[in-house]
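Peer 1: Below are the features listed in TrEMBL for this protein:
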- Arg26, Gln27, Ala28, Gly29, Arg30, Asp75, Tyr161, Ser216, His332: substrate binding site (BINDING)
- 21-30: domain 'Uroporphyrinogen decarboxylase (URO-D)' (DOMAIN)
- 149-165: domain 'Uroporphyrinogen decarboxylase (URO-D)' (DOMAIN)
- Asp75: site 'Transition state stabilizer' (SITE)
Amino acid sequence: MTDTGKPLLRVLQGEAVWPPPLWLMRQAGRYLPEFRALRDKADFITRCMTPDLATEITLQPIRRYAMDGAILFSDILILPWAMGQSLEFVQGTGPVLGAIRSEADLARLDPRRVPDATAPVMETLSRLRATLDGPDPIGAAQGGKVALLGFAGAPFTVACYMVEGHGSRDFEATRGMAYANPMLFDRLMDMLTRATADMLCAQIDAGAEAVMLFDSWAGLLPPSQFRRHVIAPTRAIVQEIQARRPGVPVIGFPRLAGIMAAEYARDTGVKVMALDTGTDMAAMAGQVPPDLTLQGNLDPLLLLAGGEAMAAEARSIRDAMKGRPHVFNLGHGVVPPTPPEHVGELVRIVREG
Ligand code: CP3
């Protein structure tokens, strides 16, 4: 059930709240000493798949900063891993997957494995929800005011890693496959679209109160491909969630979408648009319905820099959105060298109202 007492949920549902609630993408991460301490205990996938560890890591930034939202500690690549694709997070390199380049590669994936393989993630979510909404022995519940967010990668961005086999600046193999072998690419996208909707519904059943779709590489696509591989699958996922779990807000994040962001907002049905650092929030606000919530979009490098420059820009973003539904956040994730005290300072500034 939706708890209307949570400021973040109220805003995600389209209400203007002042000062704006906030959370930060990658708020649990390497910039926190308490995260690094746990990091040495287990590899990344083990941390995601061990409810004790994933719960603890998710709550670390809540305890420290009393954020308005707790985002599940997991990764967008857990879905392909759960379907059977090999995945390893290599120190200094990032994710390495067994690249999908042929029908035979695709045939080795099995979405029916996902519910069992992701059961620990769902267990983490239910523990988190019980902790956040329960009595507060560990100082993480903040009086039942913290909303729990689930997430997935959007199909295009997940396909980028699945086809390429690793991170990339331009994901040439992936975009090349979409043009040269559209049958294969569409089959992969359809598989991901269905599996993502199912997994997000399972996250909601386990306790997530809103879900976010990270489409980090959406901006690589020209408009026709953007409509086909970003807008269409996102719309399908949003419709599925609306039909099966009505009322749960979906946050879309089509990073670097530029001028296509307004079309995304109009055509996907997302309740909330997360904006990247390069987007003028006030200009975007003028192009979308007044009850569409905007989320963002301080430059993570200003959070790294801190000081007056950060304070001024944070106030300017917050004040420009006054009177409309706005969730304060960054335009992309916290970068690892960020001093933790800068995050504390940002939270103080946003809440000074
Ligand atoms: O935001 C959060 O705190 C929740 C957890 C979360 C992680 N990844 C944890 C993580 C979320 C929401 C993600 C999303 C994600 N993962 C995206 C989309 C958002 C974005 O940043 O564009 C993408 C593209 C990935 C894929 C991914 N995961 C990459 C490319 C890497 C390596 C680069 C890096 O940042 O380290 C990861 C690893 C990863 N995911 C880490 C964390 C905390 C670091 C791994 C470690 O600590 O060992």
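Quick reminder: no glycine exception, Cβ is built from N, Cα and C everywhere.
Just so you know, TrEMBL annotations never went through curation; they're auto-generated.
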Peer 1: Rank the binding-site residues Arg26, Arg30, His332 by the number of other Cβ atoms within 10 Å of each Cβ, and give the residue at the low end.
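Peer 2: Counting other Cβ atoms within 10 Å of each of the binding-site residues Arg26, Arg30, His332 gives the minimum at Arg30.
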Peer 1: Just to verify: the residue among Asp75, Tyr161 with the fewest other Cβ atoms within 10 Å, which of the recorded positions is it?
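Peer 2: So among Asp75, Tyr161, the recorded positions given, the one with the fewest Cβ atoms within 10 Å is Asp75.
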Peer 1: In sequence order, which residues at least six apart in the same chain have a CB under 8 Å from the CB of Ala28 (substrate binding site)?
Peer 2: Phe35, Ile57, Thr58, Gln60, Pro61, Ile71, Phe73
Peer 1: Could you tell me how many residues in the domain 'Uroporphyrinogen decarboxylase (URO-D)' (21-30) are helical, how many are strand and how many are coil under DSSP?
Peer 2: 0 helix, 1 strand, 9 coil
Peer 1: Where the distance is taken from Cα to Cα, which of the binding-site residues Arg30, Tyr161, His332 turns out closest to Asp75 (site 'Transition state stabilizer')?
Peer 2: Tyr161
Peer 1: Quick one: average pLDDT across the domain 'Uroporphyrinogen decarboxylase (URO-D)' (21-30), no decimals.
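Peer 2: Averaged over the domain 'Uroporphyrinogen decarboxylase (URO-D)' (21-30), per-residue pLDDT gives 97.
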